[in-house]
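J.: Take this structure first; my questions come after.
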Amino acid sequence: MDQTLDIDQILREKQKNHHVTIKKLDLENHPVHVIYIPAITDTKQVQDAILLPLQEWNHKESPLPHAFSAEPLLQLEKKNDIDRYLLDGYTLLFEQKTVYAVDTSRFAYRSIQEPVSEMTLRGSRDGFIESLEQNVALLRVHLRTTDLKFEEFTVGTRSFTNISIAYVDHSVNEELLKDVRARINAVQEDYIPDGGVMEQLLEKNNYSLFPEIQETERPTKVSSALVEGKVAIFVEGSPSVLLAPTTLNSLFQQADDYNFKWIPASLIRLLRFMAAFLSVMLPSVYISLISYHHGLIPTDLAISIAKTREGVPIPSFMEALIMQLTIETLREAGIRLPKPIGPAVSIVGAIVLGEAAVTAGIVSPLMVIVVSFAAICSFTIADYALSLALRTISFVMLFAAAFLGIYGLILAVFVVSIHLIHLQSFSVPYLEPFAPFYVKRWKDSLIRFKLKKGGGRIE
Amino acid sequence: MSDLKQLTMLQLVVVFISSMIGIGIILMPRDLAKTVDSQDLWLSIIFGAIAVSVVSCIYVALAVRYPGLTFFEMTTTIMGKIIGYVFNFLFAAYSLIVAAYILRVTAGIIKNYLLDTTPLYVVVGTFLLVSMYLIYNGAGDIVRFFQLYFPIMLVMFIVLCLLSIKNLDINNVRPILQNNIWATISGAKITFFSFLGMELLLIFAKLIKKKKTKHLLVTMWTSIGLTALIYVVFHIISIGVLGVEELKEITFPTIEMAKSIEFQGFFFERFELIFIFGWLTTAFTSFTAYMYALTLGLKNMFTPSRWFLPIAGALIFALTLFPEGLTEVFHYSTYIQLISVAAIVVLPALLLIVSLIRGNTYAT
């Protein structure tokens, strides 16, 4: 593309687009074109800060930038830049062969709200929104240090998406920063609609179920991650901020853990790990016990299980599979339904699928208990990407249990742990404080040890 | 492939203990009871441990003289190409046989206790595939896997020991040293083989950080000592719970011991499941260690090394399915012990002697 600016051609091009406003000011035979997109521009500001000063300006006395004292004026040199700044809500001034840009952007955004997907009991309730600038401002509220640094990137070949990475100097590892920069620069996509897409484009292990990058809408989560030395990636137009690197351990942590006293907080955290484990293993352990190893169940229990299974026409594996699939369907339906109809799903689920299926003798009541308890356990996993991974694995476990019983389950657990040991998120081992084994870092893993008083920061 | 550059001493201890404790903990009580035939049989373990500690000095000496080399590279450096090749072949064959033996016994126990109608090749094949997946990821991941499961395994064994205390009859263990001491010492020739795994120092040697003799000896002896401690505790409990006479009759006494635990009012009244999980982990780790040694050996001996992992898998698979039943497997165990002595005592000793005579060390 021709890099020299052909003003007339650009003007002709822009005139075809009805959403672009072009104002031609004839300032004593010295034409200046003012171009902006009204939809994303604060027109009052254009009036007050650009058009008014221009009227008073005399081109013979001073150069154009002198007319603007309040607004910083950028001089653009490339045609690409012209489009980009115009689309970012800037107002462009064409004066003969030079182009200036003034920031007058006013995009439509919602106001700051509490994030819906990450609930906490205590602590700040602000959540990120779709505006990059606002998100940075929110982060600045929680993290007031000059060490907080930002770097800007633009990705997308068809539609520009502004991306900004944030880190705290001296905490962050230089290698990590280099890696993040390289991965962002390597993105070659037409269009990045949201943070989740960016996340997948930055990940290395595309066949892994586990998220390599954590996503959050909470500024406090980002600020504490940055202090720990992580890098945050803000994507314009997305309320989810990406945190890298991520470990399995950090996906289980919640802001609430730090807001309560350490003993109950640690117990809750242990409970969360237990629940995650049960959500994956419980249905498969149950079916392997009743279809392969009756001998391992206590006699009384075995008898009552046998009684409840009386008249159930399908094998227990199929029964578990059907129930698991039903719960997944219910969950998916619950997410997609509009809020007023939401409760209807739970009623249908509870009455039709639980109560009636048991009465009709299609499933055994114990299976309903096992599968629904596993589902409740999986609700404790706050990170949705992790929860998806674990739910997928729980199906794999079902198959392993159906084919090889407890032995198959143990082997499947081995396979998952071998995968997790191998997995790395930005060169950090995914199972970080456990394998490799760093006892010092256990203080904030399965449990949350008491906060250090007197200036120490939580590692 | 991610690889650990260097191993710490703690990691090395974990690797050794995980490789040493394997099927020995299941099979040893019966063999020992047959040979020693007294309640002193746990003393034989200590004698065995002492013998192994002495042998381990050979490995330490070799590892210190040739830092950064595995056994397969040392042989050619010391003995020259042709004899080195023979040595490598013998060691690889030894690894193959031990791996197949571990796998066959493991599969036998799985079939016996968990899956009595599942075909053997399915049990063997799945185990082998999972292990191959771990080996494919590299030595670093193997070590991390051992590390991850080591505490879990330890906790399970401790739980099992604590639960067994209720069934323990102290009169089965007493009196000590009433018996012929020579019979007890001769039991060491059985217990010696339950410490197989320390020769893997020659394989993992290239990953070791501190190459001083003192550190390596301390590591070796710590791991042998801890393993001996676990064995001794287990044997005392086995004798206490089952008695020597019963130990001789039961094929898998340790599992029977776990089976005899009963706790009323708890969801699981039977605890062999916990034991089987803990033990399957150790069997998996020791099998993986040997299979890794085998693949490394194949990689060293043959030039097109891309297919070494599937080939190792196929070899083990074939050899595992070769014997008809477990009785036939136990029948071979005497030969396996002979081969083991040749591979882990004679070969390294020869290497060390020649190396000392020639006086060549690997330039660091």
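Backbone N, Cα and C define each Cβ position, glycine as well.
Nobody curates TrEMBL annotations by hand; they come from automatic prediction.
Note that the coordinates shown come from a computational prediction; the quantities given were computed from them, not determined experimentally.
According to TrEMBL, the protein carries these features:
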- B:7-29: transmembrane segment (TRANSMEM)
- B:41-62: transmembrane segment (TRANSMEM)
- B:82-103: transmembrane segment (TRANSMEM)
- B:118-136: transmembrane segment (TRANSMEM)
- B:148-165: transmembrane segment (TRANSMEM)
- B:181-204: transmembrane segment (TRANSMEM)
- B:216-237: transmembrane segment (TRANSMEM)
- B:273-295: transmembrane segment (TRANSMEM)
- B:307-323: transmembrane segment (TRANSMEM)
- B:335-357: transmembrane segment (TRANSMEM)
J.: When each of B:41-62, B:181-204, B:307-323 is checked against the transmembrane segment (B:82-103) for Cβ pairs under 8 Å, which one has the most?
T.: B:307-323
J.: Per the 3+ Cβ pairs under 8 Å rule, pairs at least 6 apart in sequence, do the transmembrane segment (B:216-237) and the transmembrane segment (B:273-295) touch?
T.: no
J.: What same-chain residues lie close to the transmembrane segment (B:307-323): Cβ under 8 Å, and 6 or more beyond its ends?
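T.: Those are 96-97, 99-100, 103-104, 107, 120-121, 124-125, 128-129, 132, 135-136, 291, 294-295, 298-299, 329, 332, in sequence order.
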J.: Please give the sequence-distant neighbours of the transmembrane segment (B:7-29): residues at least 6 beyond its ends with Cβ less than 8 Å from one of its Cβ atoms.
T.: 41, 101-102, 105-106, 109, 143, 146-147, 149-150, 153, 190-191, 193-198, 200-201, 204, 207-210, 215, 218-220, 222-224, 226-227, 230-231, 234-235, 238-239, 247, 252-255, 279, 282-283, 285-287, 289-290
J.: When only pairs 6 or more apart in sequence are counted, do the transmembrane segment (B:118-136) and the transmembrane segment (B:335-357) reach 3 or more Cβ pairs under 8 Å?
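T.: Between the transmembrane segment (B:118-136) and the transmembrane segment (B:335-357), contact is absent.
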J.: Could you give the residue numbers and ranges of same-chain residues that sit at least 6 residues beyond the transmembrane segment (B:148-165) on either side and whose C-beta is under 8 angstroms from one of its C-beta atoms?
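T.: For the transmembrane segment (B:148-165), the list is 14, 17-18, 230, 233-234, 237, 240-241, 257-258, 260-261, 263, 271, 274-275, 277-278, 281-282, 285.
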J.: Between B:41-62, B:273-295, B:335-357, who has the most Cβ pairs under 8 Å to the transmembrane segment (B:181-204)?
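T.: The stretch I would name here is B:41-62.
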J.: Go through the chain and flag residues at least 6 beyond the ends of the transmembrane segment (B:41-62) whose CB is under 8 A from any CB in it; none is fine as an answer.
T.: 29, 32-33, 35, 74, 176-177, 184-192, 194-195, 198-199, 201-202, 205, 213, 216-217, 220-221, 224-225, 227-228, 231-232, 235-236, 239, 244, 344-345, 348-349, 351-352, 355
